[in-house]
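Chemist: Next up is a structure, given as structure tokens.
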């Protein structure tokens, strides 16, 4: 698995430390183990997890600005856990409403020694952080409009940004934003060995 991960990283022109690679593989091992009982992801094989969960998450890293992020609807920690591993100087709040997912995330935190994540069990509409985040990240929402509607109160005023991880994008979706928001950029992502389009949409309040 290490050689496979190193091959994928080389294709993406990404350099990680041995400790970071070890933690990414440790996360995949835990996800594979827990998935058998808790059904955390539809991806069953560790090899596919490397592509569809690890690489699909960490290719986002160069486009993030700031050091305080929240991953909304994180599920089993995606993209938050892989990002926290490759961005150790930043802090990630992982928000999800299901207890079994939060239990898994806390086990991951304990076993991998990740001190830059906080797992929070809450619905997004009930979550009131003490301060706004530099970035609100999610790949859980069906539409950009839904993400902005539910997460409007989470970013820092003016400097905060929304980072939506999407597959195919339509002009219709980009043009159907709630009032008061704008698209700053749409960035195509290259994920090694993953077919289909991947984008990160960066949004901000007007």
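From the backbone N, Cα and C atoms, a Cβ is placed for every residue, glycine too.
Marked as S-adenosyl-L-methionine binding site by Swiss-Prot on the basis of sequence analysis: 73, 78, 124, 125, 139.
Show me how these features fit into the shown structure, please.
Modeler: Reduced to three states, the DSSP call for residue 73 (S-adenosyl-L-methionine binding site) is coil. In the structure as shown, the Cβ atom of residue 73 (S-adenosyl-L-methionine binding site) sits within 10 Å of 21 other Cβ atoms.
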Chemist: Could you tell me which of these binding-site residues, 78, 124, has the greatest number of Cβ atoms within 10 Å of its own Cβ?
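Modeler: Result for the most crowded candidate: 78.
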Chemist: Quick one: give me the count of other CB atoms within 10 A of the CB of residue 139 (S-adenosyl-L-methionine binding site).
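Modeler: Excluding its own Cβ, the number within 10 Å is 22.
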